[in-house]
Amino acid sequence: MKKFICSLLAFSSAMALSACGVASSDNAEDNAQSSGQATEASTDAASGASEQEEYTDPSELENKYDVVIVGAGGAGMAAAIQAKEEGANPVILEKLPVAGGNTTKSSGGMNASETKFQEESDIEDSNDTFYDDTLEGGQETNDKKLLRYFVDHSADAIDWLDNMGITLNNISYSGGASVQRIHRPEDGAAVGGYLVDGLLRNVNENEIPIFVNTDVTNINEENGQVDGVEIDMDGDSQTIDAGAVAVTTGGYGANEEMIEENRPDLEGYVSTNSEGSTGDGIKMIEELGGQTVDMDQIQVHPTVIQKDGTLISETVRGEGAILVNQEGERFFNEMETRDKVSEAITDLPEEEAYLIFDDALADRAKQVDFYKEQGVVESGDSIEELAQEINISEDQLKETLDNWNEAVDKEDDQDFERETAMDYDLTTRPFYAIKIAPGIHHTMGGVKINTDTEVLDEDDQAISGLYAAGELTGGLHGNNRIGGNAVADIIIFGRQAGTQATKFAQENN
Ligand SMILES: Cc1cc2nc3c(=O)[nH]c(=O)nc-3n(C[C@H](O)[C@H](O)[C@H](O)COP(=O)(O)OP(=O)(O)OC[C@H]3O[C@@H](n4cnc5c(N)ncnc54)[C@H](O)[C@@H]3O)c2cc1C
């Protein structure tokens, strides 16, 4: 297969993006941050992932495929690889110059229960506990059929990735999880760049065509059956016919208009999302009569840098960090679900807080290297020095850390009843602080699907030939997503979309 290569070299992402057709900017960090490639670059460096990505030359575009997959994030690439495994001839169409979407930005990891890696680490977990934790996190508003399918297929998704050379065997805690369940690359690096690199490598090895700069503008339907899409490729409009269409265009966390329409109270919030998260798939599916659910359920993440939307991964708290207010005091259980921690921060008079951690934690959570590169980490050789740096009372911060280390030692947090992520104290110099506040992070609502990933209309009937997976779908997370469940969602339901779309194409065309 003839290819052109967009080299995404670590530490030169802005140059690489401009070579791939993104307008160049004077500010390399802005470019990198808005597309998520900075995270990828630093992750590549940490995890040893490959340094180049390959896309299909536009001249090779055909006018018909068995399965057309719209969007090259994690769900889209998982769907494509699975469809190919099932014997289909799939294609992936991506509107941005690079694959990855929000998936590239994902930092914490992927939740899964009853995995071989949990067993190897003597972590006791069960699909039922995973189900219960997720239901509790979503305050019982989750779509229970989707949730059951999800937990029961999570270990298999970890194995499927591992068989493709994407090994997530380093397990930690995430907010709302009662046991260690969030799976990360071996070296503790951010999951996103490593996952996208691995999926893209497998897309390439399987010779699945993947076209970038290809905006899907409409989903076509004839006689009640979806049969292709309209695209705009470098300014040229074309029709691509399909045996089935799988839509994996992600959420709408970067679409201010849609955010305000569904949640006027979130106007002006900073967003952690990729610029491609504009809700296109949801809008196109609504035009076909597709049903949406939970559109007002938008997750705000508690730990976001306000100047540019950089997310500070939950891993930092999962590895033991605490949150303090401007008085230098803890004010909430840091491992509570995201909605509650966000609310606790917004309730502070200053509406912001500091994550506090030590050098041993920075070693365990490789993401911290990236945050240091971004210049958002304050440090001090002693707790007193750190307190001075961030203008907090030295005595109070010292007292807070002493109390916390005692709570870790006794495994008893009398102040806020935190029960998880208390395996390590915070005693290794230097000490660090990152100033954070809540930001828009994940759109939990979206199009309604069943466990076969068929898109449902207003009467709960499947729209023939149309499948959807990933952040553009709604229901799984209910009104609050547990950290680590979105990456699991895109692999589990992305694969299912690949399988079911292939089956439909084979049986109906
Ligand atoms: C900063 C950050 C950190 C996160 N960390 C975690 C984590 O640790 N664990 C976890 O579980 N979740 C995490 N999440 C959430 C998770 O990453 C996303 O929900 C998930 O990756 C979405 O995957 P997706 O495949 O559905 O969509 P995406 O990965 O967003 O991919 C969608 C793709 O479709 C493309 N597209 C959109 N419209 C069109 C169109 N019209 N035509 C063609 N292409 C189109 C987009 O450009 C994009 O490339 C994080 C999210 C963010 C933003």
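Positions of Cβ are set from backbone N, Cα and C atoms, glycine also.
Look at TrEMBL and you will find 1-18 tagged as signal peptide.
Marked as compositional bias 'Polar residues' by TrEMBL: 26-45 (among others).
Marked as region 'Disordered' by TrEMBL: 26-61 (among others).
Annotated compositional bias 'Acidic residues' per TrEMBL: 51-60, in sequence order.
The domain 'FAD-dependent oxidoreductase 2 FAD-binding' feature in TrEMBL is assigned to 66-487.
Positions annotated as compositional bias 'Polar residues' by TrEMBL: 102-115 (among others). Long-range neighbours of the compositional bias 'Polar residues' (102-115) within the same chain, counting only residues 6 or more positions beyond its ends whose Cβ lies under 8 Å from a Cβ of the stretch, are 35-37, 39-40, 73-75, 125-127, 129-130, 151, 154-155, 157-159, 168, 172, 174, 177, 181-184, 190-193, 195-196, 250-251, 253, 272-274, 276-277, 311, 313-315, 318, 367, 471, 482-488, 490-491.
Taken residue by residue, the region 'Disordered' (102-127) breaks down under DSSP into 10 helix, 2 strand, 14 coil. Among the features that TrEMBL reports, region 'Disordered' is placed at 102-127 (among others).
The average pLDDT the prediction assigns to the coiled coil (383-414) is 97. TrEMBL lists 383-414 with the feature coiled coil.
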